[in-house]
Structures are given as C-alpha cells and as structure tokens.
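K.L.:
Quick one: structure below, then a few questions.
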Amino acid sequence: MMSKLGVLLTICMLLFPLTALPLDGDQPADRPAERMQDDFISEQHPLFNPIKRCCDWPCTIGCVPCCK
C-alpha cells in the first residue's frame, strides 16, 4: 500500500511540479515602490482629477484609477 502511494506521489510531482503554481510575489501589493511610482505618474497625467483622485473619461492612455 505504501509503495503505491509513493508511486502515485512521484507521478503527481512529475506531472504537476510546484514551480508551475503561480506565486503571489508578482502581485502589486508586493511591490510598494512601483505602486507609488505608478500613482505619481497618474497624478501628473493631464486627465487626472485631483479633487476626485482619479482620471476622467477616457482613461485608456495610462491613467489609473478611472472615475466611473
């Protein structure tokens, strides 16, 4: 019974390696310096509304967050 579990575990590890799982290291929350830089760039954007703290429509030209 234990050898069958070992074989099954080995097959599963070969088919689904742990490196294939997405890691959360590439999330924006893990890169605060880049987030701050992105916010700074948005605040200088001509469509940025400083009162609402978002970009007026249309905001398809690199200005986030979008006012809706």
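From the backbone N, Cα and C atoms, a Cβ is placed for every residue, glycine too.
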K.L.:
Determine, on the basis of Swiss-Prot, the cysteine among CYS55, CYS66, CYS67 paired with CYS63 in a disulphide.
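P.N.:
Within the candidate set CYS55, CYS66, CYS67, Swiss-Prot assigns the bond with CYS63 to CYS55.
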K.L.:
Choosing among CYS12, CYS67, which residue does Swiss-Prot name as bonded to CYS54 by a disulfide?
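P.N.:
It is CYS67, per the disulfide annotation in Swiss-Prot.
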K.L.:
Per 10 Å Cβ neighbour count, which of the disulfide-bonded residues CYS54, CYS55 ranks highest?
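P.N.:
Neighbour-count leader: CYS55.
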K.L.:
Taking the Cα atoms as reference points, how far is CYS67 (disulfide bond) from CYS55 (disulfide bond) in Å?
P.N.:
5
